[in-house]
Amino acid sequence: MLMFLQTRSLLGVFEEDAAAISNYINQLFQAMHRVYDAQNELSAATHLTSKLLKEYEKQHFPLGGDDEVMTSTLQQFSKVIDELSSCHAVLSTQLADAMMFPITQFKERDLKEILTLKEVFQIASNDHDAAITRYSRLSKRRENEKIKAEVTEDVYTSRKKQHQTMMHYFCALNTLQYKKKIAMLEPLLGYMQAQISFFKMGSENLSEQLEEFLTNIGTSVQNVRREMECEIENMQQTIEDLEVASDPLYLPDPDPTKFPVHRNLTRKAGYLNARNKTGLVSSIWERQFYFTQGGNLMSQARGDVAGGLVMDIDNCSVMAVDCEDRRYCFQITSFDGKKSSILQAESKKDYEEWICTINNISKQIYLSENPEEIAARINQSALEAVTPSPSFQQRHESIRPLVQSRPTAAHTSSTGSVGSESATLSALSLDSLVAPDTPIQFDIISPVSEDLPGQAKSSGQAGRRANPFGESGGSKSETEDSILHQLFIVRFLGSMAVKSDESPDVVYETMRQILAARAIHNIFRMTESHLLVTCDCLKLIDPQTQVTRLRFPLPNVVLYATHQENKRLFGFVLKTSGGRVDNRQTSICYIFESNNEGEKICDSVGLAKQIALHAELDRKASEKAKEIERVREKQQKELSKQKQIEKDLEEQSRLIAASSRSNPSGGEGHFVVLSSSQSEDSDLGEDGKKKKEYET
């Protein structure tokens, strides 16, 4: 995973070793040059050379510094050079050919070649970084094919040039380990051979043992040279093979059909562009090296010794996002929703692999013994999830626990789905829950543009800005009088029509089918909204504009449940009151993802339905009391009328009696007429009687 960083670290060690070799060779060259230039100082120069040879074992070479054979050989040379410190100046010609030429060639050709290749490699790296930066800035909406082709060709050329110079530079560094031995041994061997030739007549100071030693050194030098040539040939062949095999990888966005996406990864590393805000509306993109370590996302800038923590990605959410100026962007949000990062991948392959890897890590698959195998099994289960199976129970054995192990306090609606038995559920077929080939809607079309049947909207409701905190602003909100106001952050996963709303298994099956369809079709985008729960309805509100996207009347929410294992998933079934299909009402199941608040949302919906139920019961009781009061008032009015009639009759009788006493002659006839009038009034109603009395 950290191959790139290890290569950079190893390159630094080789460069440090090359600098140490260059320093030591310069000192040895100066010593030998003193032997060549100054005949009078020949003895002192050879003594210094012997001293430097003795100090070889004290030198710190990161590579090969503990070579005991080399150390012992140089120690033996130092002893011989001490004996020959009084050589004559006539050796200068021989020393120029046998001693000064090899070390000069190594110093002027090989060491300078290393420095030149280092500069070329640095320039190629800078050109590659500039080309990558220009390629990353390509606009997605207004693509100029000519500019895109030029930028792509520039990335291809710079990347190929960097790769080639890097391989030649590494080859030269590896070859230097052999050349440094030759550069030190060959001049010494030439020097000694010149001394032997000069003192051929006086070779009494040179024993046969020394000649044998020099012969062995010459043989070793030849062996090292042959080994070096063989190694150079192998490295050249390796470079050619790598150039042929790596040619497709020079493209910044390779063909996904030739390089398939690995969706079972639990570890990944590579360069990404991170968006950092510099103001309220301005931002910059910074390219850094990112890698995963356990459940953490790490980043490391160039030149840093170690990586730093970016985010804890356990239980996080990752989704694709659209950026106006960049392609292949995705957003990672922490489990509590307080921290998020927007990153850009270089290619579509890396883009999908990063999303799949972070999604696998968020499920904590990396904690198992075989994380990639478990990830492959989960992805395979998702692919097989849309394959029809004989029964509902067999379909769910590998995805969720058995029905008998479910919690007893499952969140359901008030329509009577709590008492479902496990035997009844196991007998249900898949078609009785979700219709086959049912279309799935993965996104909200637009704010207040999805007019579901049964969702009556007034003319002034469309496009209304919701106030989730109950503050009054100009006009009165439809939920202003609601007792309950709870707001949750949710992401819409999808919705589909269902055939049953009698069991929570409908919600579980819908979750499984929507997640499986997203995995199969590589749909990572999710719409984030605010879910407002009130006693009247559920609302999906746009977090930016506060416009209500969807409104679900609470009485139509007949079933709601959260996933048994993943508490971030929850859903509810909405029964529409509009169009009917096959003489049955249409039910739609909506699935959402929250920040570990699925149970809280279900509890809030249940509380809202209870409050609404009690409010409805109180309303009916109040209406009934008002009706009783109206009947009682009506009866009281009738009783008052009856008493008034009786009072009027008594007054009339009193007047008749008084009239009879004042006119005794006609009293009997008048009494008969009044009696007849009263008898007629008995057949009239109460209103007629009253009218008759007033006429009389």
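Backbone N, Cα and C atoms are what each Cβ position is placed from, and that goes for glycine too.
What TrEMBL says about this protein:
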type: DOMAIN; residues: 265-363; note: domain 'PH'
type: REGION; residues: 387-420; note: region 'Disordered'
type: COMPBIAS; residues: 405-419; note: compositional bias 'Polar residues'
type: REGION; residues: 451-478; note: region 'Disordered'
type: DOMAIN; residues: 488-625; note: domain 'PID'
type: REGION; residues: 633-696; note: region 'Disordered'
type: COMPBIAS; residues: 633-653; note: compositional bias 'Basic and acidic residues'
type: COMPBIAS; residues: 686-696; note: compositional bias 'Basic and acidic residues'
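Helix, strand and coil residue tallies for the domain 'PID' (488-625), in that order: 48 helix, 60 strand, 30 coil [DSSP]. Secondary structure of the compositional bias 'Basic and acidic residues' (633-653) per DSSP (helix as H, G, I; strand as E, B; remaining residues coil): 21 helix, 0 strand, 0 coil. Helix, strand and coil content of the domain 'PH' (265-363), in residues and according to DSSP, is 15 helix, 45 strand, 39 coil. Regional average pLDDT for the domain 'PID' (488-625) in the model is 83.
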